[in-house]
Structure formats: structure tokens, C-alpha cells
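**Student:** Quick one: the structure is below, questions incoming.
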Amino acid sequence: MVPKLFTSQICLLLLLGLMGVEGSLHAKPQQFTWAQWFEIQHINMTSQQCTNAMRVINNYQRRCKNQNTFLRTTFANVVNVCGNPNMTCPSNKTRKNCHQSGSQVPLIHCNLTTPSPQNISNCGYAQTPANMFYIVACDNRDQRRDPPQYPVVPVHLDRII
């Protein structure tokens, strides 16, 4: 019994460690709410070129993000999608707070082509424009830090379809 207990504790620690690593890859910078971070990552494309636009995100995360999608719409329009019927999130079947856009939007998908772990300013990206539907996860706003005009806000771009 003791070896099994010891082995299971090691497995549990390994699993928790892996979850911590995965969680840290999706972590937001502390100074932002989830809605603010969503807007930075998926709405505010600061340049027409992915390589330049991704520098903003990469500087916050201190790493080259593998891929990212910028929706060419407004934050208010995405907030309106939060009012569409709830659905199960495709990327996490235990979450039921996803909503699909009712129409396609122009978007730009950025894909890392030149990793640069030593200097994130040198990360290079290819970009693919498209018109697609999207699915977002929405939650109640952060009462202390998000503006009160939107009680429910997008917090995660779950899928583009």
C-alpha cells in the first residue's frame, strides 16, 4: 500500500506541475482584467503587420506567442455576441459560457514563423486574412476594474470557424 500511495502522490505532483505550466502559458498580465487582456490580444491590432502587432502581446508575456487571431471588429460588437445563446465551449467541454457570432467578421490570424527565445523583438509572424465566425467565452465583468457599461464581457477567444 505504501509504494502505491507514494507513487500516486508523485503522479499527482507531476500532474499539478504540468497544469501549472499549461496555466502559465494562458495567464494574463496582472495589471489587466480578463476583458482588458482579451481586447489587447484580439481586438487592438496595433499594426497592419502581424510581426509588429504581436510585439505588444509578446512584450507583456515575455515570450513569442505561437499564434493569435485579431478580430477586425470593435470590443462593443464582441460584447454584443455575449448576448447570443450560451453554448458549450469547443475547447473546454466543461465550460458553458461560450457564444457564437451571428455573422462572419474579417480577421487576421498570426502564426509564428521565426521564433526568437533570446530576443522576443525578433519573433516573426506570417499572417492570414479571412472572414469567419468566432466563438467567445464571456463572464461577468470585474466589478472593481472593468467599466460598468458592459455587465458581461468577452474573456477568451475560444475558436474561429
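For all residues, glycine too, the Cβ spot is worked out from N, Cα and C.
What you see is a predicted model, and the numbers here were worked out from it, not measured in a lab.
Quick paste from Swiss-Prot:
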SIGNAL    1-27  signal peptide
CARBOHYD  Trp34  C-linked glycosylation site
ACT_SITE  His42  active site, proton acceptor
CARBOHYD  Asn44  N-linked glycosylation site
DISULFID  Cys50-Cys110  disulfide bond
MOD_RES   Tyr60  3'-nitrotyrosine
DISULFID  Cys64-Cys123  disulfide bond
BINDING   Lys65, Asn66, Gln67, Asn68, Thr69  substrate binding site
DISULFID  Cys82-Cys138  disulfide bond
CARBOHYD  Asn86  N-linked glycosylation site
DISULFID  Cys89-Cys98  disulfide bond
CARBOHYD  Asn92  N-linked glycosylation site
CARBOHYD  Asn111  N-linked glycosylation site
CARBOHYD  Asn119  N-linked glycosylation site
ACT_SITE  His156  active site, proton donor
**Student:** Given the recorded positions Asn66, Asn68, Thr69, His156, state which is nearest to Cys82 (disulfide bond) when distance is taken between Cα atoms.
**Tutor:** His156
**Student:** Under 8 Å between C-beta atoms and at least six apart in sequence, can you list the same-chain neighbours of the residue listed as 'C-linked glycosylation site', or say none if there are none?
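**Tutor:** Within the chain, the residue listed as 'C-linked glycosylation site' has Cβ neighbours under 8 Å at Lys28, Asp139, Asp142, Val153, Val155, His156.
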**Student:** Can you tell me the CA-to-CA distance separating Thr69 (substrate binding site) and Cys89 (disulfide bond), as a whole number of Å?
**Tutor:** 17
**Student:** Going along the chain, which residues six or more apart from Cys98 (disulfide bond) have their CB under 8 A from its CB?
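**Tutor:** In sequence order, the residues whose Cβ lies under 8 Å from that of Cys98 (disulfide bond) (at least 6 apart) are Asn86, Met87, Thr88, Cys89, Pro90, Ile135, Val136, Ala137, Cys138, Asp158.
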**Student:** Return the count of C-beta atoms lying within 10 angstroms of the C-beta of Asn119 (N-linked glycosylation site), excluding that atom itself.
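**Tutor:** I get 8 for this one.
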**Student:** Round to the nearest Å and give the CA-to-CA distance linking Gln67 (substrate binding site) with Asn92 (N-linked glycosylation site).
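**Tutor:** Checking the Cα atoms of Gln67 (substrate binding site) and Asn92 (N-linked glycosylation site) gives a distance of 19 Å.
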**Student:** Apart from Lys65, Asn66, Gln67, Asn68, Thr69, which residues in this chain have a Cβ no more than 8 Å from the mean position of the Cβ atoms of those residues at the substrate site?
**Tutor:** Met54, His109, Cys110, Asn111, Leu112
**Student:** Output, ordered by sequence, the same-chain residues six or more apart from Cys123 (disulfide bond) with a CB under 8 Å from its CB, or 'none'.
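**Tutor:** Sequence-distant Cβ neighbours: Thr51, Met54, Arg55, Asn58, Cys64, Leu112, Thr114, Pro115, Ser116.
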**Student:** Considering only the recorded positions His42, Lys65, Asn66, Asn68, which residue has the minimal Cα-Cα separation from Asn119 (N-linked glycosylation site)?
**Tutor:** Lys65
**Student:** Going by DSSP, give the three-state secondary structure for Cys110 (disulfide bond).
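**Tutor:** Strand, per DSSP.
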**Student:** Which of the three DSSP-derived classes (helix, strand, coil) applies to Cys64 (disulfide bond)?
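**Tutor:** Assignment for Cys64 (disulfide bond) reads coil.
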